[in-house]
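Chemist: Below you will find the structure I want to go over with you.
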Amino acid sequence: MGRLRAFLLFSGTLAVISTVHADFNCSQAPDSDMVQTCHMLQEWDSAARKAIRKRQAFNAGAPGVQGFSPSNPPRFAPSAQGCMNIACICPYMGGRMANGCILPNGQPYLMAYRKEYRMMSDNERQRWHNALIQLKRSGEYDRLSVMHRQVGSASGAHSGPGFLVWHREYMKRMEIALRMIDPGISMPYWDSVLESYLPDPRDSIMFGPQFMGMTDASGQLVSGPFAGFRTLEGRPNIIRRMATEGKMFTEQNINNLMAQNDLVSVMAFTAPQGGCPFRPYFGALEYTHASIHLWMGGDMKPPSTSANDPVFFLHHTFVDFIWEMWRQNHQNRFARENQYPPDIAACANSQHFSYAQMRPWDKINRDGLSNAYTDNLYHYAPRPTCNRNNANCGSQYLFCDTRGNPHCVAKVKPGGLCRGFEGLDSCYMGTCVAGWCRGGQQFQQPAQTTAVATVQQPQQQPQQQQPQQQRPATTPQSNCYNEDPCCNQWSRQNECRTNTVYMNRYCRKSCGLCQSNDNNRGCHDRHISCAYWRGQNFCTRRRQWMAENCQATCGWCNMNEAQLCASVARQSRRVRRNAKFWLTEPDADDFVDDFMLDYGR
């Protein structure tokens with residue numbers, strides 16, 4: 001009953017809030033970029049509120065259940081990308097658990113170690129590029145990009161506290177997808193503060209052919225590893241229109257955020273309505289990160305197209321890193337997993353509420369607070385630094401500006417503007433002469449040093465590139481499932497045609513909406529991770545899904561399909577239906593589903 005107590009306690013807390021500020025206006029933003037960002041966030045929030053009302057107009061019910069049905073659980077679609085620890089991921093990799101996960105080639109599967117993009121070795125960077133290209137060719141990159149497009153302007157992913165938790169889960173899923181191709185790589189982050197010191201960040205090595213590539217006069221990405229990436233909209237190349245608006249992250253942005261002690265200044269209400277007792281903090285990550293989207297322009301500007309550009313994932317990995325730095329500095333372990341801004345409809349649409357579903361996944365927003373992300377799956381390499389005693393940033397693509405407070409800066413690509421950095425090693429493969437990078441190698445940066453020797457991927461990791469062994473473990477069987485043992489029976493009763501909304505969501509296999517290679521008959525497991533899910537008590541907590549897909553592991557081989565439908569699944573629905581209760585918030589159905597998921601089955 002922990003969640004219910006927390007909900008009731010929180011409801012009482014909301015009742016004592018009495019100080020209400022005047023209506024918020026975007027003209028209060030500190031500059032034109034923030035004004036534009038503010039208006040966009042408000043537009044997306046308005047669209048989200050309309051979408052909630054539209055969704056409430058019709059709630060699909062299971063066959064035989066009229067109207068709103070508490071028997072409708074959130075979608076449960078287990079996959080490697082949904083895992084929260086290595087033990088869960090290991091079977092998808094074809095590995096075995098023996099003092100950790102051992103891959104088929106004998107190498108261990110380790111936590112990801114996320115480095116700044118320029119701090120990767122050339123080999124690491126090339127392998128990451130290759131994995132991303134393979135992901136694009138397979139169609140999985142586009143499938144993940146579609147997820148962001150679908151939540152771009154009417155969801156809990158933008159315009160409120162859900163922004164950080166949603167994108168944390170999203171970055172995790174992209175990283176796991178890439179590691180299914182090459183288990184030894186990790187998602188890099190782009191510390192755009194390194195560009196903020198340059199007279200023209202467009203001339204950074206970041207936008208050279210070795211990294212994110214270069215654009216032509218029309219803004220099309222025509223060089224670099226991702227040239228020729230067709231967009232979701234069908235354009236032959238990614239579009240960038242850099243530096244017409246917006247700006248890079250600055251060290252001051254990060255310092256300002258780190259100085260905040262109040263959670264709602266970080267997981268902020270960025271599109272409040274009249275009556276919200278919290279004023280927006282324009283130094284919040286959702287605001288400041290948007291300036292980089294504006295600066296990149298083109299596909300990166302609107303959420304509907306931003307994931308077309310791989311730079312999106314590097315940028316948001318850095319956003320996640322900044323958030324994690326704040327968490328480590330201001331919260332203990334308990335607080336990190338339990339502190340979430342209050343659920344106030346005037347401050348954020350209900351898709352941002354702590355117990356609202358993190359659409360489109362089988363999670364709730366507060367799940368994104370879990371320490372498991374950085375305990376089990378990934379951790380961050382420190383940001384590049386230097387000092388007067390060691391003016392080496394640890395990368396041939398960065399240099400140390402020792403004037404004033406020493407700090408690392410991105411090198412300028414050949415022919416780029418380096419004004420103000422004459423006499424420093426500011427040019428990649430060249431020298432800064434009269435404000436421009438000229439050919440030549442006057443400065444020789446040492447090879448990578450101990451600044452990056454803390455990488456926890458051992459030297460043998462390059463041998464782990466075995467996509468042919470990894471991919472078949474997931475691709476054929478991870479997506480096509482029914483979510484209820486009654487699906488086949490309902491399909492025979494023509495429910496796929498007469499109850500399409502429900503059946504298309506929960507009975508995709510029986511309705512022929514996907515293809516499965518599971519042709520086995522009799523009592524068996526359809527999913528590769530049934531043993532793991534049983535260990536998580538899912539035979540009790542997810543009875544319907546497990547009865548359909550993990551019958552053998554859950555010990556239900558003494559029942560045929562009709563008996564499973566009549567007893568296991570319907571018993572679960574009957575308990576949920578008897579415990580049904582109503583809330584007043586627009587996403588009450590999501591809260592009911594998630595509450596009952598843990599306590600009603």
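Each Cβ is built from the backbone N, Cα and C atoms, and glycine gets one as well.
Sequence annotations record features per position, and here Swiss-Prot assigns N-linked glycosylation site to Asn25. What Swiss-Prot lists as Cu cation A binding site is His148, His158, His167, and the listing cites similarity to another entry. The annotation Cu cation B binding site is assigned in Swiss-Prot to His289, His293, His316. As annotated by Swiss-Prot, region 'Disordered' applies to 453-477. The disulfide bond annotation in Swiss-Prot covers Cys480-Cys514, Cys487-Cys507, Cys496-Cys511, Cys523-Cys557, Cys530-Cys550, Cys539-Cys554. Marked as domain 'ShKT 2' by Swiss-Prot on the basis of sequence analysis: 523-557.
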Chemist: Are there residues of the same chain, six or more positions away from Cys511 (disulfide bond), whose CB falls under 8 angstroms from its CB, and which are they?
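Modeler: Spatial neighbours, sequence-distant, of Cys511 (disulfide bond): Cys487, Ser491, Cys496, Met503, Asn504.
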Chemist: Inside 10 Å of the Cβ of His289 (Cu cation B binding site), count up the other Cβ atoms and send me the figure.
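Modeler: By my count, 21.
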Chemist: Looking at the domain 'ShKT 2' (523-557) alone, can you tell me the average pLDDT?
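Modeler: Mean pLDDT for the domain 'ShKT 2' (523-557): 86.
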Chemist: Any idea what the Cα distance is from Cys557 (disulfide bond) over to His148 (Cu cation A binding site), rounded to a whole Å?
Modeler: 40
Chemist: Once the chains shown are all counted, how many other Cβ atoms turn up within 10 Å of the Cβ of Cys507 (disulfide bond)?
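Modeler: For Cys507 (disulfide bond), the 10 Å Cβ neighbour count is 27.
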Chemist: May I have the list of same-chain residues other than His289, His293, His316 whose Cβ is within 8 Å of the Cβ centroid of the recorded Cu cation B site, in sequence order?
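Modeler: Other same-chain residues near the Cu cation B site: Ala290, Ile292, Ser306, Phe312, His315, Val319.
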Chemist: Check the disulfide-bonded residues Cys480, Cys523, Cys554, Cys557 for other C-beta atoms within 10 angstroms of each C-beta and report the one with the most.
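Modeler: For the disulfide-bonded residues Cys480, Cys523, Cys554, Cys557, the Cβ with the most other Cβ atoms within 10 Å is Cys554.
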Chemist: Take the C-alpha atoms of His167 (Cu cation A binding site) and His316 (Cu cation B binding site) and report the distance between them in angstrom, rounded.
Modeler: 7
Chemist: To the nearest whole angstrom, state the Cα distance for the pair Cys550 (disulfide bond) and His316 (Cu cation B binding site).
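Modeler: Distance (Cα to Cα, whole Å): 36 Å.
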Chemist: Can you tell me which of the binding-site residues His148, His293, His316 is spatially closest to the residue listed as 'N-linked glycosylation site'? Compare CA atoms only.
Modeler: His293
Chemist: Which of the disulfide-bonded residues Cys507, Cys514, Cys530, Cys554 has its Cα closest in space to the Cα of His148 (Cu cation A binding site)?
Modeler: Cys514
Chemist: Using a 10 Å radius around each Cβ and counting other Cβ atoms from all shown chains, which of the disulfide-bonded residues Cys514, Cys530 yields the largest count?
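Modeler: Selected residue: Cys530.
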Chemist: Any idea what DSSP makes of Cys530 (disulfide bond), helix, strand or coil?
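Modeler: Reduced to three states, the DSSP call for Cys530 (disulfide bond) is helix.
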Chemist: Excluding near sequence neighbours, so keeping only residues 6 or more apart in the same chain, what lies with its CB under 8 A of His293 (Cu cation B binding site)?
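Modeler: Non-local contacts for His293 (Cu cation B binding site): Gly246, Met300, Lys301, Ser306, His315.
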Chemist: Sorted by position, what residues of the same chain at least six away from Cys539 (disulfide bond) have a C-beta under 8 A from it?
Modeler: Trp533, Met546, Cys550, Thr553, Cys554, Gly555
Chemist: Between C-alpha atoms, which of these recorded positions comes nearest to Cys523 (disulfide bond): His158, His316, Cys507, Cys514, Cys530?
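Modeler: Closest by Cα: Cys530.
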Chemist: What's the CA to CA span in angstrom from His289 (Cu cation B binding site) over to Cys507 (disulfide bond)?
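Modeler: Distance between the two Cα atoms comes out at 39 Å.
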